[in-house]
Amino acid sequence: MFSAFIIKRSAILCSLAMFIPLASIADDTIEVTAKAGHEADLPTSGYTATTTKGATKTDQPLILTAQSVSVVTRQQMDDQNVATVNQALNYTPGVFTGFSGGATRYDTVALRGFHGGDVNNTFLDGLRLLSDGGSYNVLQVDPWFLERIDVIKGPSSALYGQSIPGGVVMMTSKRPQFTSEGHFRLTAGNNNTQVAAFDYTDAISEHWAFRLTGITRNSDTMYDHQREERYAIAPSLLWQPDENTSLLLRANLQKDPSGGYHSAVPADGSIYGQKLSRGFFDGESNHNVFKRWQQIYSYEFSHKFDDVWSFRQNASYTHSNTQLEQVYQGGWNSDRTLMNRYYSGEDSSLNAFAVDNQLEADLRTAAVKHKVLLGVDFQKFRNNLRSDSAYATPLNPYTGVSGGSTLYSDYLLTTPGINTSYLSRRYEQSGVYLQDEMTLDNWHLNLSGRYDRMKTENINNTANSTDERTDNHASGRASLLYSFDSGISPYVSYSQAITPSLFPDAQQKLLKPMTSEQYEVGIIYQPPGSTSLYSAALYDLTQNDVANRAVPATYYVPAGKVNSQGLELEARSQISDRLSVIAGYTYNRVKFKDAIDGNDGNTPVLAPSNMASLWAQYEAGYGINVGAGIRYIGKQWADDANTLRVPSYTLGDASVRADLGTWAASLKGAFVQLNVNNIADKKYVAACYSTSYCYWGAERSVQATVGYDF
């Protein structure tokens, strides 16, 4: 039934999109007078963005933003030919994306050492991407649809409500433009990778513009018996009747018939001991399914009443279905001859809605300029699911012999069967927030506060039980920045975050919310007249009432407090007309405090103490552009008890692009490009959740692209 629904809805939208270019052709001449939206929504150029909307929900120059913000531009994503948001963030300081190694099913991002709720810190076009991190129903946006990615570091609850303390990842979709622009790509690579993508935008009339973007991806993976398959399309329509009013309608339709692999191997077999193959498959072919169908419909409305008052409203509706069957290992048995294995199954349907209303006023009191923002937002999701669990026959990973694929309802493997529960997981949040950005000469003071009401509910229809929790919480943020005429802007800030109890404990009771606070000092430098941007930030961040996932189980356990202290350095520089550089360094000291599980003073998993990266893009002449990068991830712990370290690793990437129009005028706009990641094909462990659950890093990837820009 759902397949019929998505096909029918997609057919309607695609039919409308196909009609739009015909309408534009019907007008011989179109004089465009409407202006585009906020500057931070406009297409980026090169490797450096100059503004951000994510930090304050208003257009704000980065040089005047008293917070550490990194922006990944469209140019960077194209040059590096990224296939996931995780991959797009590989060269961003303060960000660790190695959670699942070569697996690409989810975009899981740790910021400043915090990964709890790691799929709940992503936003699309200003609204939270409403996934259910307590299930397998988690959304993923293809980076081909994105114009930019802003990483807002540090607690952000004063504007966004619930968030992890390390920050949020703000994805901005490509918008319709009133000028004609098109892109077409064909990519082929190892693991039978095949990608076809297109993107076209144009004006229909003086006040209407459209955009149609689509992509299909198909490939094998580095893992045996695994494939990835995706079909996605994103039509959008923009109406601007005058320079003060705009309405943008969007849809993002995505079908993933095969979501590839998402499992791991023990540390004994990857970090040490008899090493397993990177392609090792711990499952069973007759229980190996991951399908995801997601639809996101949204709109953005804005109106400027006069020179003082303006209003904005963003809203989205999301529907996502996920089907999963997976047999996976959970560590060695007592004599290390066989791997214990488990089974998980899920059939879930998620519906979500979010809306954000913003009233902005540009005022002046005496010599002080004020930009005041008053907002009211609401979000909710409901995920109805059938959750299956069982024990599977153990596996000898070196011979591939498991003794069969029978599933058992008991750990003694005596009773064939599956344990099934019918669940409903619900969450809603409503909040009101107020922000005042004050400017007096070169001083910039920002004060913001928010009050939230959050309700979580877990219903087990099988056990006829309900666990419900309601929390009210106030969050705040304050920052002060001084902007020197030389382009130097030092700042200091304080911010808070609330992370609600979406996660159950071992008894399926909801845990209490986690609260956080951060102190940050930093400096931003932008040479006058330059687009280059340099920044440094020092922070001290503490999260209380921490909950960690008990991998490979799906419940969470209390772990006390976590304190993160660190330094982030970033440079995005246009060194010359031909050379662009992105450089970053992260030092992150993360420790458990007041831990109740014996780990006090230890470092959590997924928190490398040092990370560094460098990417350089050089225009060599004759239409040749060469890019090269190096990424270093320092040592990290394989378990919270700190009994074993994950070794550090260094990876190299490269790209070469040839613009064919330089050699033949008839080929203007055409190009060929080669991208190689992990050039040395280094075999490494990217990260571990525990000593039983470590992820092999991605193998070497070689992809060749033929493209045409017009």
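Placement of Cβ uses the backbone N, Cα and C atoms for every residue, glycine included.
Swiss-Prot assigns the feature transmembrane segment to residues 152-160, out of the candidate ranges 152-160, 404-412, 503-511.
Between the stretches 122-130, 491-499, Swiss-Prot puts its transmembrane segment entry on 491-499. Of the given residue ranges 167-175, 545-553, 671-679, Swiss-Prot assigns the label transmembrane segment to 671-679. Across the motif 'TonB C-terminal box' (693-710), DSSP classifies residues as 0 helix, 13 strand, 5 coil. Within the same chain, residues 66-67, 116-117, 154-158, 161-165, 452, 454, 471, 473, 475-482, 513-524, 543 sit at least 6 positions outside the transmembrane segment (491-499) and bring their C-beta atoms closer than 8 Å to a C-beta of that stretch. The stretches the transmembrane segment (476-484) and the transmembrane segment (65-73) meet in space: the count of Cβ pairs below 8 angstroms, excluding pairs fewer than 6 apart in sequence, reaches at least three.
Mean pLDDT, taken over the motif 'TonB C-terminal box' (693-710), works out to 97 on the 0 to 100 scale.
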